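*Asks:* Before I ask anything, let me first share the structure, which is written out below as structure tokens.
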Amino acid sequence: MTDRFIAIIGGSGLYEIDGLENTDWVSVDTPWGAPSDAILTGTLEGLKLAFLPRHGRGHVLDPSSVPYRANIDALKRLGVTDVISMSACGSFREEMAPGDFVMVDQFIDRTVARARSFFGPGCVAHVSMAHPTCGPLTDSVAQAATQAGATVHRGGTYLAMEGPQFSTLAESNMYRDHWGADVIGMTNMPEAKLAREAELCYASVAMVTDYDCWHPDHDAVQVADIVRTLTGNADTARRTIAHLPALLNRQKTPCPQGCDRALDTALITAPDKRDPDLIARLDAVAGRVL
Ligand SMILES: CSC[C@H]1O[C@H](OP(=O)(O)O)[C@H](O)[C@@H]1O
Ligand SMILES: Nc1ncnc2[nH]cnc12
């Protein structure tokens, strides 16, 4: 049985967490380049935890420049088994108000300028993204967030846009009225796809900061408004993390949803046709099946 090892990927406003014991900032090299920053590792009441600031400390990386593959590879390489993404987002629903937490269970991927797979020519794989987040992990995080005092919405569709500009009013209306999106952000894709390829359980907490630009009673979103709401959201996020040890087993048992076996049915390239260089790069992500 392996140890459970939880990674938090902190989004805008969440650049560090406190309360960990035996801490170390670890620099990890990956075949996909350097991650967004060093990774903070430690334990919380005996639960192994890692923390990675998605945009780097000081928020130096825009959403298109985040090295998503290096981030997920580095976490997998460290032995992480579960990833909890905590992100700022805009809301398309009146009832999902600034300050609320939405437990994402679906995505619409509108990103266009990012490397979105570890696989490719020389080793082709097609994982299922039908259920892109891990249900059991999401349940535990939702419980922790509720205990932390957050208003939690169970289930929501996150539209991932390229950015860095915010949406036009026409786009905002289309995503909300016709596409069924509940929240919008710029980072959860391809992160969730890569986590699935790396056979990591992935949960996403979308922390609402604004109503984007569709709401007739609210001004169109601006960074300054987001930052104001982010401070409170980041405090609730830290309290949520503090509740996790009481809710999560220390041992990693097989994921009931099969996140940890996603590659069992995904590889299609004949073994004798595989590219040795790519296979070497896939050592951490897909070593279990290669
Ligand atoms: C600072 S507002 C826009 C920025 O915030 C969100 O980042 P993250 O998902 O990492 O919290 C959003 O996706 C944009 O990147
Ligand atoms: N309205 C919005 N659109 C895209 N990303 C966001 N992050 C926070 N608010 C956002």
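Glycine residues also receive a Cβ, built from the backbone N, Cα and C atoms like all the rest.
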*Asks:* Can you tell which of Ser12, Ser128 TrEMBL lists as binding phosphate with Arg54, His55, Ser87, Ala88, Thr187?
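*Replies:* Only hit among Ser12, Ser128 in TrEMBL's phosphate site, alongside Arg54, His55, Ser87, Ala88, Thr187: Ser12.
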*Asks:* Under 8 Å Cβ to Cβ from His55 (phosphate binding site), same chain, six or more residues apart: give me those in sequence order, or none if nothing qualifies.
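*Replies:* Expected: Gly11, Ser12, Tyr15, Ser36, Leu61, Asp62, Val66.
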*Asks:* So how many other Cβ atoms are close to Val223 (site 'Important for substrate specificity'), meaning within 10 Å of its Cβ?
*Replies:* 12
*Asks:* Please name which of the recorded positions listed here, Ser167, Met186, Asp210, Asp212, Val223, is nearest in space to Arg54 (phosphate binding site), Cα against Cα.
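*Replies:* Going through Ser167, Met186, Asp210, Asp212, Val223 one by one, the Cα closest to that of Arg54 (phosphate binding site) is Met186.
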